[in-house]
């Protein structure tokens, strides 16, 4: 149970003078009033013991047999009933001390009790963490939140949020709330739309992020902005993403360069980690890895650096190879990649079959490998390779007897991603330290990419990022060679946030969009309000917005984002407790000038 600060004391009133979890040695012989929930109740031959719980912890109450009126009052109490008691704190005998409780050296002999709320039988127990379906937990979330682990998660989240605020305020950030009702943007995820009663046929949108507002705050002359910002996106749920609503630590700064922002963020994560957890940051300052390098080495722009495996490029070894599958993938834009598992060359056939199955799931046509055994190399491609090739391969990759090497070949990006997926697949072979936090920055993202379907140049990520080299780069370089001032912060394979140094120059913005096929008129139509603001004096600026929910997940070792949110939706974007979304009254629709046009009901097969 969450342990409150020792200095934390309740308001003294008729309900309580003390908290359950703060009583201990030194409290003996004191008269106290306590209020809370009946965590457990036990009848031991006339003595009734009640474990009373509040948000600070549990303490044991004793009702003695001679107190017949009290005995009768509590005898039939259900678990989770709310009571207020008066009594005297006494020390427990040495043989009855409970070392699992902070208050385990004392108990309270009850002299009076008031039953504030006699609970009905519960849909699932609070005191015992028995497996319970998520559907039931979300329907009765107010009961679920009483359970120790999730209760601690929510208190932890509150304390972390307060620490973030203090950290940023000490560095002259100004907390500013931006609008919740704003205009719809067709880019990105789907918007949640809100119809306007006063303007029939028109809609507000809930913000997917305060992106444009925070940039306009920089134009307004505020040097450093932040808020714990609610964001709304109509997208599907994942284990690390809540449908509908999430919170981010939204930040923007004027007159900064990329490294200035990195320094602020690294300091904040270090401060939170050291003060809120027992975890360790493996490298500080956080390593900076370019997009090209991270894909080559780890096959992902969200690498888990704890995994002691790196992808190696062996393209040059197979330029003149007799193995045509590899030789044909040594030209520009293609590659041959290798992943070495030390000491795993003697694994069973099932091990390799499962690995190949995973590779196919990732999009590969198969999975080539070579086992280096005492009797010599084994594997499906050994017969295609000469002895000299094998020796060069062993030397370059540092291969020894007992090792196995896996290969991928094809287009550079897809091959990197497949091998990166295999790297994660093989991570289960290693005992990764869950208390290590391996942060890194991914930098130097490409500004543009080629859209194979549309046969045109598109923006790779954020179209409002400043290109590295600014206008000169746009005028003199090939689009696919231009890099952007974009960056991601990643921890243990989880992307916490993307950010960028913004493009605050209208002339550069028009040219950047022109390369991606947009006319000046199209840019003005979509983003005119931003460009107009930038024409009236905009400072260089940049920002980032780490996910609050994901940060709590990492520090609390939670795999599911719903474990760190007080009232989350389920994976179908439903609030089971409040029965949302729900139908509304016809009069409400009429006031909004709306009619419902439902899709036809699909017949069950």
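Positions of Cβ are set from backbone N, Cα and C atoms, glycine also.
Listed in Swiss-Prot for this protein:
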type	residues	note
BINDING	187, 233, 461, 502	L-aspartate binding site
BINDING	233, 234, 235, 495, 547, 548, 549, 550	ATP binding site
REGION	211-214	region 'Aspartate'
SITE	44	site 'Important for tRNA non-discrimination'
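Feature map: Swiss-Prot annotations on the structure.
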residue: 44; record: site 'Important for tRNA non-discrimination'; DSSP class: strand
residue: 233; record: L-aspartate binding site; DSSP class: strand
residue: 461; record: L-aspartate binding site; DSSP class: coil
residue: 495; record: ATP binding site; DSSP class: strand
residue: 547; record: ATP binding site; DSSP class: strand
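When each of the recorded positions 44, 233, 461, 502, 550 is scored by how many other Cβ atoms sit within 10 Å of its Cβ, 44 comes out lowest. Of all residue pairs in the ATP-binding list (233, 234, 235, 495, 547, 548, 549, 550), the one with the greatest Cα separation is 20 Å apart. Within 10 Å of the Cα of residue 461 (L-aspartate binding site), not one of the recorded positions from the list 44, 495, 548, 549, 550 places its own Cα. Along the region 'Aspartate' (211-214), the predicted structure has mean pLDDT 95. Between the CA atoms of residue 235 (ATP binding site) and residue 502 (L-aspartate binding site) there is a gap of 26 Å, rounded to the nearest whole number. Under DSSP, residue 502 (L-aspartate binding site) is assigned to a strand (E or B) in the three-state scheme. The CA atom of residue 547 (ATP binding site) is located 20 Å away from the CA atom of residue 502 (L-aspartate binding site). Residue pair residue 550 (ATP binding site) / residue 44 (site 'Important for tRNA non-discrimination') shows a Cα separation of 46 Å. Taking Cα separation as the measure, residue 495 (ATP binding site) is nearest to 233 of the recorded positions 44, 233, 502.
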